[in-house]
Amino acid sequence: MNDRISEVSGSSRARRSVLSYGTTETGSDRYTENSNIATENGVDTASSMIDGIQSGFPQPRHGFEEEYNNAEYINMLEQVFYMYYTDKRHRGVISKKNAEPTETIHDWRMRERLKTVSAALLVCLNIGVDPPDVIKPNPAAKYECWIDPFSLPASKALEAIGKNLQQQYETLSMRTRYRHYLDPAIEEVKKLCIGQRRNAKEERILFHYNGHGVPMPTASGEIWVFNKNYTQYIPVSLYDLQSWLGAPCIYVYDCSAAGNIIVNFNRFAEQRDKEALRIAKQNPNVLAMPSHTSCIQLAACGPKETLPMNPDLPADLFTSCLTSPIEISVRWYVLQNPFPNKLNLNMLLKIPGRLQDRRTPLGELNWIFTAITDTIAWNVFPKHLFRRLFRQDLMVAALFRNFLLAERIMLVHSCHPQSSPELPPTHDHPMWNSWDLAIDNCLSQLPDMLDAESKGIAYEYKHSTFFSEQLTAFEVWLSQGLISRKPPDQLPLVLQVLLSQVHRLRALILLSKFLDLGVWAVDLALSIGIFPYVLKLLQSPAIELKPVLVFIWARILAVDDSCQADLLKDNGYGYFVQILNPNSSIFPSSNISEHRAMCAFILSVFCRGFPQGQLACLNPQVLSHCLSHLNSPDSLLRQWACLCISQLWENYSEAKWSGTRDNAHVKLAEIIVDSVPEVRASVLTAFTTFLGFPEKTEEVVAVETYIAIAALAALSDASPLVRHELVIFLSHFVVNYKKQLMVVAYESSLADILEKKNHNSISASTIYETVWQAVLVLAADPSIEISLAAEAIINYVYQSMLNSELRESFLAFLLQHLPALHKASLSKDTDTNSVTSDPKPHPFVPSVSENKILNRSFSLTRSLKGLALSLAGSDRASELLSLNGENKPAESNLNHLTSAKVPGPPAFNELEYQSELDMPLTSYLFDWSRKYFTEPQMRPNEDDEPGSICYNQRLWRRNRNEKLIYRTRPLAEYSTNGRWNQQLMTFNNTIAPRKLMFHQFEDQLITLGDKDIIQVWDWRRNRCLNSFKTSASATTNVTDMQLLNEDDVALLMTGSSDGTIKLYRDYENEKVELVTSWNSLSDLVFGDRNASLLMSWQQNCGHLLVAGDVRVIRIWDASKEICYANLPVRSSNSITSLTSDLVGCNIIVAGFSDGVLRVYDKRLPARDSLTDVWKEHSSEIVNVEMQSSGMRELISASSDGEVKLWDIRMNHSLQTFSTDNSGLTSLTVHSHAPVYATGSSNQSIKIWDTLGQNINTFRENPRFLNQPKPSSLMCLKFHPHHLLLACGDNTDSRVNLYSCTKNEIHTDSPNEF
């Protein structure tokens, strides 16, 4: 049992199997160490390095061989490989559309729940007199309600039959009021029916008709009763019957030719409904009458059929099936059984026990019968019909369960029971075999049970294994690989098993596994009726049920939050409050933190938009419990503790005051720098809901100011998810302090327009000034959804300003400076080559970069100009603009720009998103986060299952990668004596390249050209795969690019001169998408297109090193999306080149503009990270590069043509070579071969080995004799594995590809690669 508990109470996060992606604390994906296809580590496998060392090759430099001989270190590198930027938060913008559930559930609650409150039981037997149209054989069926009518006097027999009929119906529903009318006259029938409708009001009436003693119904459907003297049969028109009984009703017809009644009843019902509709149209004030076509009817046989007269069966076989299914089932089973046994028909009515007691033989049979008929109906009937007939009314459900039995039994006797609504056939369903087996198990013990009972001896009854076997079948279905969305046959049985304490835990565990399959599974479970069961179980004190019940409730509330009132009733929510309590120890699961996270989620849904829920959660200290979990090691618990607090605070001042007393805002501020982006975003959501006290007392202002200051720490966050929540928080802060922000915006706008360097204002250095400047920073955010949201805040403030007392002065000022505004706008719209050389600083606090404000100055100016044009009047505005002759559209000056597309986030519609930007902005983080509980957590994703398409693709890529490395590794020794001037092909790039890069394993060459155009080439087929523009900005340019996750599906990372980092998915095709973006170096000088941002990506540890014209090397942690460290460069010169150890990821080497090389170790504290300074170069460092495998050579080159080899353990270079290049412009080093290449401004390319020997010299673009040789900046790049070299320069758009050829090794065909 404990094993079963742990099975469910295990991690609610994704459990990954072999090859699967796992989820780390920080959210990045990884291949697990058990993976059979664990991929390459970064650029090369550690095993290949070890093989090289053990094969007698020279030892790697820098002392790395010590690490390679460490088995634990090598295992770590080979067995764990992380994938970055593949989490759910990187799959799209969190907008209203994206936060909506991808699947919806049906309305599983019965909104129009009817009850059968009254029943009229008409029995027309006329015992002793056969009707004229019936010829009975001898012997014939005679039992009515299990009574022989000829064993008693006629009057007593009739009375006994009526009494038994009522008792049989009472086993179906005790709450229904029954009246039986025996051999009634027509007057009595009329009076009975009218009285029944009057008493039932609008509820359902049961009308049971036994016509065994009267003629068959007429062709028009009339049924027969008696006159007062019992001398005549009197017909009753169905039209009259409908008038007397009204609707809704359920009719049971037990007579021959009963199908005629249904046919004619429906015909009259349609006529009545049409007439009612006509009257309603003529007089809308008339109350609508219930529809007669919705009445339910059950008939014993078809229109031309006669009831069976088998003497071994009761005469009212149909009634027996409907009201005493167990008795008739066992009798029919014995009659159908050809084998000899000890049973006789009299024994069958003596099965011990009670129907309501499941522990007795009779009760167990009844329980099994209910489960089987429910299962058959669920699997055969349409779902809407199942809900109407089996979940709306106890009486209707019981009758239809038993009707399935009637169909099975009576078909054998040439009767076809009819119903309205018509049902699909179920007589041959396989589950009937299980019913026969259950009967056989009981009857096989019946003689011994009766014998023991007669002797007064206790008998140990062997219970049926039906339910345990069905649970096993359900478990097998769940354990299969690909889960079909076809519901399992056993699902209704699971609900029945919940009634049993013996099987309850197992059933709950299996149910939780089923719900884990997704929204569709929860929808099925709710529609079948799971909710009342799990709601009632919240009252159970059983400790072993707590983990699984928490999981089930989390799944239900993740898709349907309409259960709040249900949880409030009977204190159901207290079940989860008790588990959430950190001092609670009554929990059997070892991973209680994850179940507490689910409890926090459940309570957050309970509070959301439900004031009664908020009030209920305030008293049992839910807030205190959540605060105590903010420092939990489980990130999911931290996240949902914050979100639960946010929902408790939403529009509930008392809860906010309670949080203030508990220092909730201080505790939340402490985790604003949490390692998980979702947690940081959740903190900001909680801050947002805290704002909005109705009264702004000093204490309230102080607390909200504290929160605003704490929230601004997220301004430099690398996760768009966090920054998006920040801009939402700021929108609420702006709305709450609108007057103060209007003053700040007014003064800031004047300063911006007048370009005042020192603008004194009453709001300077206040929190409102800081907030306003933060909004301006966010308006320049590289993520479009954030910048649009920030612009909405700016527009809101300006519109509020123009609707306030500042309107006149501000409008007059705008009109006065409108021409200047328009000129500034045009100049910034059209100037694509330069920006203002002396940008005016914006008044700002030290905590926010001024350059970010300047980056947004154009948008601010444009906004002000737009406001002025719209408010000042078109005539005056046109006049002012015409004075300057600048009313031509700005787009005419942009024709020279390329029309290449700029990728955005996946499925992002800017217009649709802007329509959602109402102030204050709405956060959809909660809805987005709750989707976690709709995704499978107990089993790997389908893509990670062996045999799936994605699995096979990943396996193929792994094999391809290993094969490529295995095939290219031996070529390294031939690289130093081959011919490198063999030109394989030329790529006709559309624009001159500035940087080149090969994919390690795909046949891709990526070029970065002017105007930030990136082109992706298939170098084997000389085909351009895709071309796109990384930015529409004319003031920055992309200066570096890297590839991430190359072993699987790579992402392309670009870095711009303004510090912006962008990542792209599917960059090789037209569906390229922006994954994420952020500003990595906010201190870079804005507008300096010569500024360079340099990057070094360390795949093994997920660190991105960023440097440029700043005084630090900033290290970003990709998994946490935060700044890991800032290493001081200890130099006033700019960094011109950056490299690092891509295996151990600890050593960083930077080259500077003054020729100095500096070595850093990021394992050391930041202030002590500088370990070596090499000053041997006398001119600017062009490039410094460390091999990722092979000898791990570290090579640097300066612009004067000097190349040096280094070992980080030495304080001087190992070797120095002079390339004799006049104006060396580029250096590239092969990843594992002992060669490097240099390029000069005269387009001369030289290939060298690491001993300083020149292998080849050739020119990139040969010219004719008298043609001048322009100076150019060359770009070179080796393929990481193949012996290929790509070359380009900034005077020609062509890119040439060269290979190292040697007759013994290669042919001249590129297919060799």
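Positions of Cβ are set from backbone N, Cα and C atoms, glycine also.
Annotation comment: Swiss-Prot describes 1-35 as region 'Disordered'.
Annotation comment: Swiss-Prot describes S834 (among others) as phosphoserine, evidence class experimental evidence.
Residues annotated as phosphoserine in Swiss-Prot: S837 (among others).
Under the heading phosphoserine, Swiss-Prot lists S882 (among others), citing experimental evidence as support.
Summarising the annotation, Swiss-Prot assigns repeat 'WD 1' to 986-1029. Restricting the average to the repeat 'WD 1' (986-1029) gives a pLDDT of 93.
According to Swiss-Prot, the repeat 'WD 2' annotation covers 1033-1074.
Annotated repeat 'WD 3' per Swiss-Prot: 1087-1126, in sequence order.
Sequence-remote contacts of a segment are chain residues at least 6 beyond its ends whose Cβ falls under 8 Å from one of its Cβ atoms, and for the repeat 'WD 4' (1130-1170) they are 41-44, 46, 49, 62, 64, 67, 77, 1092, 1094-1096, 1098-1101, 1103, 1105, 1107-1109, 1111, 1113, 1115, 1176-1186, 1188-1189, 1192, 1194, 1196, 1198, 1206, 1208. Here Swiss-Prot flags 1130-1170 as repeat 'WD 4'.
According to Swiss-Prot, the feature repeat 'WD 5' maps to 1176-1216. When DSSP labels each residue, the repeat 'WD 5' (1176-1216) comes out as 0 helix, 18 strand, 23 coil, counted as helix, strand and coil in that order.
Marked as repeat 'WD 6' by Swiss-Prot: 1219-1259.
Per Swiss-Prot, the feature repeat 'WD 7' maps to 1268-1308.
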**OP:** May I ask for the residues of the chain that lie six or more residues beyond the repeat 'WD 6' (1219-1259) and have a Cβ under 8 Å from a Cβ within it?
**Re:** 43-44, 969, 971-972, 975-981, 1182-1183, 1185-1191, 1193, 1195-1203, 1205, 1269, 1271-1278, 1280-1281, 1283, 1285, 1287, 1289
**OP:** Residue list, the repeat 'WD 5' (1176-1216) vs rest of chain: Cβ under 8 Å, 6 or more residues beyond ends.
**Re:** 42-44, 48-49, 52, 58, 60-64, 972, 1136-1143, 1147, 1149-1157, 1159, 1222-1234, 1236, 1238, 1240, 1248, 1250-1252, 1280
Original post:
Residue counts in helix (H, G, I), strand (E, B) and coil for the repeat 'WD 6' (1219-1259), per DSSP?
Top reply: 0 helix, 24 strand, 17 coil
Original post:
What does DSSP give as the helix, strand and coil breakdown of the repeat 'WD 1' (986-1029)?
Top reply: 3 helix, 28 strand, 13 coil
Original post:
By DSSP, how many residues in the repeat 'WD 3' (1087-1126) are helix, how many strand, and how many coil?
Top reply: 0 helix, 21 strand, 19 coil
